[in-house]
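What TrEMBL says about this protein:
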TRANSMEM  42-65  transmembrane segment
TRANSMEM  117-138  transmembrane segment
TRANSMEM  145-162  transmembrane segment
TRANSMEM  182-201  transmembrane segment
TRANSMEM  213-233  transmembrane segment
TRANSMEM  253-273  transmembrane segment
TRANSMEM  280-297  transmembrane segment
TRANSMEM  303-321  transmembrane segment
REGION    371-402  region 'Disordered'
COMPBIAS  376-391  compositional bias 'Basic and acidic residues'
COMPBIAS  392-402  compositional bias 'Polar residues'
Amino acid sequence: MHSIFGGMKRADTCKYVALLVLVLQNSAVVLTVRYSRMRKDVMYISSTAVVMSEIVKLVVASFLVGMEEGGLCGLGSKLYHDIVLKPADFAKLLVPAFLFTIQNNLLFVALSNLDAASFQVLYQLKILTTAVFSVVLLNRQLTCRQWLSLLVLIVGVSLVQTSGLKDGSTSSTAGRNGSTSLGFVCVLLASCSSGFAGTYFEKVLKDSEISVWVRNVELALIGIPVGVFGVWYTDGAAVREAGFFSGYSPLVWSVVGLQAVGGIAIALVVKYADSVLKNFSTSVSIVVSCLVSYVVFGETDLSPQFLAGVSLVMYSTFLYGTSSSGMCCLSEGGSFTPNKGVARKESNKVWSVACCAKQAASTRDDPLASVPFLESADKENRQRKDCESHGNKSNRVSASVA
């Protein structure tokens, strides 16, 4: 009995830790980026921060691969086998890696023009874009509750956006010489990028056997040159005049670190977080961002319209996630089956595909949390293998009995 209760306590502790990490990740990046863009001293060049975050992510992901493979020799062998010897598979990452890098730059621009609370709420549009792209590209089916939640999301976002507009296109909550309209456009583009990149990633790479950490190495290897090109194209003159690290401070380095390793930290705890916990963490993160933005930054106007929009967005987020937990999805050549999302084929292939667009929206290729989706795909591959292995064993037993 003692071991049973001890196990329950450990499980509860892991869930609380997972909730804390998810809330911190969802809130800390947004708040630190926003605060770094509010400073009155020399402003850093945001495109350089995107490049540095990719470099840090490359180092951290390579270190984790090396730990798994037993050192530098194992790391070199693993990367050679999974990247050099599989150029076609590596090329499939060009599209999502490019979009993720552009998305990171868009989010910096958005947080330069929007307060943290408005950004946190508006960025939930990635749920809508991911759902739409999942229906179009993956032939997913959404329940009536999910379509309703998306409608509620649109209404909530509209209330928040219109409440932030004052005197046309500018707002007192915007950054220095900022524009809420520009911030909203950047959030909208980033949400579309997130939805398409994540859905594309799932469509072309769901059967891949490469580990989550190697995938992050590959994404960083593509993201770094794309980011460097962005620095040269958009901020080349500023970098030549002031320097690549102009305006960098401990706060800016914390932004770089959070963007680089935040998603990796989530990947280590995401297995303890069910859909309800993830939805709850999103809602708590929105509340935290609103409170900090209002109390600490003093820039968010908590008007009745804004609070109504926030409430609708939080409700739609929770409604979409909870209704998708029992949703079925189309497996390759299979049929829809309830709850577990397991589709069976008569040819003895059993495919197990995760079917939660909300989870995909919150964890896929998102610069704020990109790794958990990769880990989720990694788990799907292992589960599919286990199912196929089980099916083969059942066939052999049936044959021997016959």
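Note: Cβ is positioned from N, Cα and C throughout, glycine not excepted.
By the Cβ criterion (distance under 8 Å, sequence gap of 6 or more), the transmembrane segment (213-233) is not counted as touching the transmembrane segment (117-138), fewer than 3 such pairs being found. Of the candidate ranges 42-65, 117-138, 145-162, 182-201, 117-138 contributes the most Cβ pairs within a distance under 8 Å of the transmembrane segment (280-297).
Only sequence-distant pairs (6 or more apart) were considered; of these, at least three Cβ pairs between the transmembrane segment (303-321) and the transmembrane segment (145-162) are under 8 A, so the stretches are in contact. Counting Cβ pairs under 8 Å that are 6 or more residues apart, the transmembrane segment (182-201) and the transmembrane segment (117-138) reach 3 or more and are in contact. Tertiary neighbourhood of the transmembrane segment (145-162): same-chain residues 118, 121-122, 124-125, 127-128, 131, 180, 184, 305-306, 308-313, 315-317, 319-320, 323-324, 327, 357, selected by CB-CB distance under 8 Å and a gap of 6+ residues from either end. Within its own chain, the transmembrane segment (117-138) is flanked in space by residues 26-27, 30, 34, 107, 110-111, 146, 150, 153-154, 156-157, 160-161, 164, 173, 180, 183-184, 187-188, 190-192, 194-196, 198-200, 202-203, 282, 285-286, 289-290, 293-294, 300, 306, 309-310, 313, 316-317, 320, 329-330, 357-358, 360-362, 364, 366, which lie at least six positions past its ends and keep a Cβ under 8 Å from the stretch.
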